[in-house]
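K.L.:
Take a look at this one; I'll ask things after.
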Amino acid sequence: MKVPVDDYLQQVLGECAGDEGEVADYIPELAAADPDRLAVALCVADGTVYAAGDADVRFSIQSISKPFVYALALADRGQEAVLDRVGVEPSGDAFNEISLEEDTGRPRNPMINVGAITTHALVGGDECSEQDRCEQVRAGLSAFAGRELSVDEAVFASEMETADRNLALAHLVRSHDIIAGNAHETVRGYVRQCALLVDVRDLAVMAMTLAAAGRNPLTGEQVVPEAVCRQVLSVMATCGMYDAAGDWLTNVGIPAKSGVAGGIIGALPGQVGIGTFSPRLDRFGNSARGVNVCERLSNDMGLHLMSAPPLAVAAVRESGTVEYEGQTWLHAELQGPIRFAAGESVLRALAQLEPGPEPLALDLSRVTSVDDVGRRMLLEGIRRLTLDGHDVVLVDPRDVLPDPDAGDGIRPQVRTSSPYADA
Ligand SMILES: NC(=O)CC[C@H](N)C(=O)O
């Protein structure tokens, strides 16, 4: 059997092939792009990539570099130091607006040019040379893509010829002491960052790396820490599509970023990375057909971030008493992933058990994962049951609750199979 995803993507492209929008022309080299190019790629958690259309065509990453460079700056400097220089509020302005906070002169967010020029300058520290910083940015974005990226020198040179507005923005943030280095060098570095060449497969892998808490699904490399990805995805969700961010979040519901060469990425946490390419832009500067493709994918595949996942009502599969080896056992058999909601229903079920001398088997054989909160809740339940007089036996064949130290010197006995399984 052939996996039907490629055919599906081909069909989506066929149905989204309108001709609305205009190719960006303020960078002369971009005006020469073939307006009819159209491509899409998806990357899933194990690194499998599906693609359709002009998937081999490379184009400059442009503003899609912004979330990744923001991630590098956060990883380098820490959240607080970066927040001191760049805010996280949607600006409601165009991408090249002078959107600075009135009192501090801080750019409103890292997804508009003035904020992105600032985050570029934060990579590698204040003393870093222009070349070193550019190389760190190139290498960092390559780690996200799982492939060595290179600069399109023609696009770089072309944009430098018309970079007056970005130069003005850099001088402005420098006048507020937000960036320390030379404004021209900083803009050159930022424009080089925007001229890195990618295709839709690269974009899908880069997006999936953000969606997978910073681990590149192709190379296995932890590119940035998990907390950095949460910050970056949050800012993409609120500011990634510029002035169309509200429309985008309600219609598509996936953290995203667009670029003027026609690329878009979408990163749905834990599920999928999307890359699209079509050079004609809508009035907000987002790829017109790219937006349509993403809307289709989100609707067809139920990818909207705000669609509620199934409720975790059945975390306790079974609970009650069982006779074994001449004695009565209490048992509770849990299932699925244990996060806050599942943990709460488990604690409520355990609270129904009568205090008493019967041993209690807490069976985690069917539990698929336990996050930090789930772990704290289970251990607190074990502590309270023990203080109530129960002898708790943890059945944990796959070690989903390693080192079960419940505090107060309480440690349940752990077994790798159910004590009453053959009862
Ligand atoms: N929206 C964009 O992609 C803008 C990036 C472009 N390099 C600029 O600074 O103008």
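Heads up, the Cβ atoms here are built off N, Cα and C, so glycines get one too.
Quick paste from TrEMBL:
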BINDING   Ser63, Asn113, Glu159, Asn166, Tyr190, Tyr242, Val260  substrate binding site
DOMAIN    333-399  domain 'STAS'
REGION    398-423  region 'Disordered'
COMPBIAS  414-423  compositional bias 'Polar residues'
K.L.:
Give me the DSSP three-state residue breakdown of the domain 'STAS' (333-399), ordered helix, strand, coil.
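P.N.:
Across the domain 'STAS' (333-399), the residues distribute as 28 helix, 23 strand, 16 coil.
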K.L.:
Need one number for the substrate-binding residues Ser63, Asn113, Glu159, Asn166, Tyr190, Tyr242, Val260: the maximum pairwise CA distance in Å, whole number please.
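P.N.:
This binding site's residues have a maximal Cα-Cα distance of 20 Å.
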K.L.:
State the count of C-beta atoms found within 10 angstroms of the C-beta of Tyr190 (substrate binding site), not counting that atom itself.
P.N.:
28
K.L.:
Quick one: give me the count of other CB atoms within 10 A of the CB of Val260 (substrate binding site).
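P.N.:
Around Val260 (substrate binding site), other Cβ atoms within 10 Å: 24.
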K.L.:
Would you mind giving the whole-number mean pLDDT across the domain 'STAS' (333-399)?
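P.N.:
Across the domain 'STAS' (333-399), the average pLDDT comes out at 92.
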K.L.:
Three-state secondary structure of Val260 (substrate binding site) from DSSP?
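P.N.:
It is coil.
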K.L.:
Can you check which residues sit near Tyr242 (substrate binding site), meaning Cβ under 8 Å from its Cβ, same chain, 6 or more apart in sequence, and list them in order?
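P.N.:
Non-local contacts for Tyr242 (substrate binding site): Ser91, Asp93, Ala94, Phe95, Met111, Ile112, Ser258, Phe284, Gly285, Asn286.
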